[in-house]
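A.B. asks: Got a structure for you, written out below as structure tokens; questions coming shortly.
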Ligand SMILES: Nc1ncnc2c1ncn2[C@@H]1O[C@H](COP(=O)(O)O)[C@@H](OP(=O)(O)O)[C@H]1O
Ligand SMILES: [Mg+2]
Ligand SMILES: [Mg+2]
Ligand SMILES: [Mg+2]
């Protein structure tokens with residue numbers, strides 16, 4: 001019984017309540033859906049922006065690498081040993097470069113997973129902030145933006161590649177590298193030499209600032225290999241390509257990929273194929289893989305398997321990298337090394 005003698009019909013009350021709920025749902029559905037949209041937008045990453053930040057990160061890290069080398073303040077120490085027993089070196093160049101590169105990428109894209117070779121608990125007080133300017137050459141070569149969910153991205157950074165050679169003063173081999181993998185596939189690669197200032201970048205299906213050479217020799221190829229983690233690469237190559245094959249030992253996984261490209265600088269040797277037979281990690285190889293893929297080339301394990309750039313840092317199956325040749329035919333020439341893994 002309602003006050004003042006007004007009698008409410010139960011059906012009327014029910015209809016009224018339903019109407020009220022409908023209005024509330026209508027109002028809140030709008031709010032909720034716009035919240036979801038805003039949330040989603042925050043987690044969508046424009047790959048052209050991520051390329052611009054990657055190029056910037058390689059440059060800011062590179063400035064630290066150069067400064068530490070020029071001040072002779074490397075303070076090198078051993079982080080441990082590789083599986084083959086070689087010392088894994090860490091210098092202040094690796095560490096300071098890591099801080100700058102990692103924080104620049106993380107502060108711009110907080111939802112993106114970034115795997116760096118180095119680690120550090122100190123928050124960089126003067127960490128670089130991206131100015132949101134996409135450089136002219138990137139805007140010119142990549143005209144369409146492409147957005148992907150942040151969750152699908154893994155960024156690999158090598159704050160200083162060829163640390164061994166860096167400690168020996170062999171500056172030509174040293175690079176900083178950034179790679180962006182989407183769903184495990186390498187999509188963006190940046191390789192920067194801090195001492196010459198040269199940067200190679202490419203986006204698969206997008207564009208690049210570097211090209212393949214007009215031709216490559218696969219009959220008697222010049223093969224570039226590691227100088228400090230070579231393992232048994234020499235007999236491996238001779239078995240595949242003959243005893244007279246030209247083998248070029250060089251430092252740095254980044255440098256060795258640059259040696260396959262058409263770089264208008266005399267400092268880069270010109271190789272036809274890059275082979276690595278020992279264990280190697282994904283921050284060493286992802287950027288080179290993305291650049292080669294963008295230019296129509298391949299980087300695979302020695303068995304010709306694609307490398308998945310999500311998940312663990314390890315690449316166990318060695319490396320074969322080539323550009324504009326029949327990669328499968330190269331794989332078929334290689335000896336079976338089932339019984340000599342990691343050598
Ligand atoms: N067997 C191995 N185990 C661990 N890292 C290896 C390796 N072989 C090569 N690397 C790493 O791959 C990069 C290129 O090596 P190389 O010059 O011998 O070709 C170097 O990266 P960093 O200098 O970033 O550590 C090196 O440490
Ligand atoms: Mg290292
Ligand atoms: Mg490296
Ligand atoms: Mg390194």
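Along the chain as shown, the residues are counted starting at 1.
A Cβ is built for glycine as well, from the same backbone N, Cα and C atoms used for every other residue.
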A.B. asks: Per TrEMBL, which of 117, 239, 313, 316 sits in the Mg(2+) site along with 158, 160, 161, 284?
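C.D. replies: The one candidate that TrEMBL places in that Mg(2+) site: 117.
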A.B. asks: Of 117, 158, 161, 284, which of the binding-site residues has the most Cβ neighbours inside 10 Å?
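C.D. replies: It comes out as 158.
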A.B. asks: Under 8 Å between C-beta atoms and at least six apart in sequence, can you list the same-chain neighbours of residue 160 (Mg(2+) binding site), or say none if there are none?
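C.D. replies: Same-chain residues close to residue 160 (Mg(2+) binding site) (Cβ under 8 Å, separated by 6 or more) are 61, 65, 91, 93, 94, 97, 166, 174, 176.
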A.B. asks: Identify all same-chain residues not among 117, 158, 160, 161, 284 whose C-beta atom falls within 8 angstroms of the centroid of the Mg(2+) site's C-beta atoms; report them in sequence order.
C.D. replies: 94, 157, 159, 162, 163, 175, 176, 177, 253, 254, 283
A.B. asks: What binding-site residues in 158, 160, 284 place CB under 6 Å from ligand 4?
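C.D. replies: Cβ under 6 Å from ligand 4: 158, 160.
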